[in-house]
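What TrEMBL says about this protein:
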COILED    227-282  coiled coil
TRANSMEM  6-25  transmembrane segment
TRANSMEM  37-66  transmembrane segment
TRANSMEM  95-116  transmembrane segment
TRANSMEM  136-156  transmembrane segment
TRANSMEM  185-207  transmembrane segment
TRANSMEM  299-318  transmembrane segment
TRANSMEM  360-381  transmembrane segment
TRANSMEM  402-422  transmembrane segment
TRANSMEM  481-505  transmembrane segment
Amino acid sequence: NKLIKSTFPFSSIFWAILAFCWVYIRKFQSRQESEVVSTITAICALAIALITSALLPVDIFLVSFMKYPNGTYKEWAANNDTRGQIEDTVLYGYYTLYSIILFCVFLWIPFVYFYYEERDDDNGNRCSQVKNALKYTFGFAVVCVVLLLIGAFVPLEPPPGQNSTQWEKVQYLFEELGSSHGLPALSFSISSLTLIGMLAVITYTAYGMSVLPLNLIKGTRSVVYERLENTEDIDDVEHQIEKLKSKCKDGRPLSSRDRHNLQELEGKLQVLQRRGRHLEIAERNCCTKVGRALRPLKILLGVFFILVALLLIVALFISNLDKALHSAGISSGFIIFGTNLTNPLNELLLALQPVFPLDYILITVITMYFVVTSMAGIRNMGIWFFWMRLYKIRPKKTRPQALLFLCMILLLIVLHTSYMIYSLAPQYVMYGSQKYLVQSKMPSAGATSGNATFGTTRTCDADAPEDQCTVTRSYLFLHKFWFFSTIYYFGNWAFIGAFLIGLVVSCCRGKKSVIEGEVEADDSDFSDDEYVH
């Protein structure tokens, strides 16, 4: 009955995730360039990533629920076959979701993206657009196949000897693939995507974790003061324009330098006038007035977010330090079994885990925190490819292609979130709250004490007997290849460094404008219609 009840919170989270994704995408979607296919694609891709992360606490709950607090298996889980069937069900769930993620990253999202790119470049027939989109998508499909083949045929066990025939070596490779049910192939592909997600986490999430709380604490500038300042700037620019135009009143043409300056001043004047219109709307907007009334709540929320960020950074630092001191080093992927240093987040999750919804809610909150802070980082920085900024993410003004890029990045970030949660709470992710019994001889009280024994319970770790502790399926996906774990380890240090740098930068910056991101120099007057009307 408890297992059946455990599906109810999961289904509730499922519908909550779908609602969140729909509201989130609709908030940033451009009204002028809204497209049904790109909207559905973005919502589904983001929902799949979040649902995948939501499966992690279910996996941990199942391995923990098999045992009593005293370390013995429950009656229904005493059989190895029963435990295997339950874990296989979770494994197939990961198979399904990770396969869908591969489909989204390498086929679905690229096809929709290139389809709309072709439509912008050429307004010809749809057959030509579909053909060109398929041509570019084929390259992504080739990369996916290559990753699957590498993961499938990279042996994890010692290969046959040199005296073996070629057929025996080929047969060995296929036996490796079949015995693991294709797990290495999928794990290698997902781990490769997770590496890209790690770069996105270091770039966007680390910065967002610092900029979002401090923006909430500092608030925005006064809209009345901004309007006054903007009016003064308009008067100043108009005066400079009149001064330049006065040079040609007698019929003399302006010099090339004056014409260039005049063109820049006229462009600046247009931006200032548009800022004035937006500021006027913001001053009358009910949301601005409500925001001022909720200012104390925003400050409290900002303080809460910065405390959560500091907790996560401290937990990540302790976990990495534990790996540096107690793991076998690079050759083992800095993997440790259990914890040797007290990790506050790990202890909190272990304390909440016996009551199923509590740890599930906490993990979901941490996941959503990573998503929200990642979006804050992306919105402040935009989408970049090395030194080139490709797109801006702004409410109601984001193009369909930018939304697809946004969801691709968030999907990769959420993939890496699984490893981040393992780094934050390794014991919880590996074994949950499992314990096992250790039989010890009772100390002798006399010559006739006999061979009495007593059992003590211990927390599951690497020293536990193999049949006494069950490792989560998520852990198997994360640590199938040691070299990925090594890269993730150094990525965690880079994440900590990026967060500290972002914190310093955010502290040095002043308050943001009340219309931050609404007006840019490269916007058209046509785009203002989305705000004015």
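Using the three backbone atoms N, Cα and C, a Cβ is placed for every residue, glycine included.
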Are there at least 3 C-beta pairs under 8 angstroms linking the transmembrane segment (402-422) and the transmembrane segment (37-66), leaving out pairs fewer than 6 apart in sequence? yes
With pairs restricted to those 6 or more apart in sequence, evaluate whether the transmembrane segment (185-207) and the transmembrane segment (299-318) have 3+ C-beta pairs under 8 Å. no
Among the recorded stretches 95-116, 299-318, 481-505, which has the greatest number of Cβ pairs closer than 8 Å to the transmembrane segment (402-422)? 95-116
Close approaches to the transmembrane segment (95-116) from elsewhere in its chain (Cβ under 8 angstroms; 6 or more beyond its ends): 35, 37-38, 41, 44-45, 48-49, 51-52, 55, 129-130, 132-134, 136-137, 140-141, 143-144, 182, 186, 189-190, 193, 400-401, 404-405, 407-408, 411-412, 415, 477
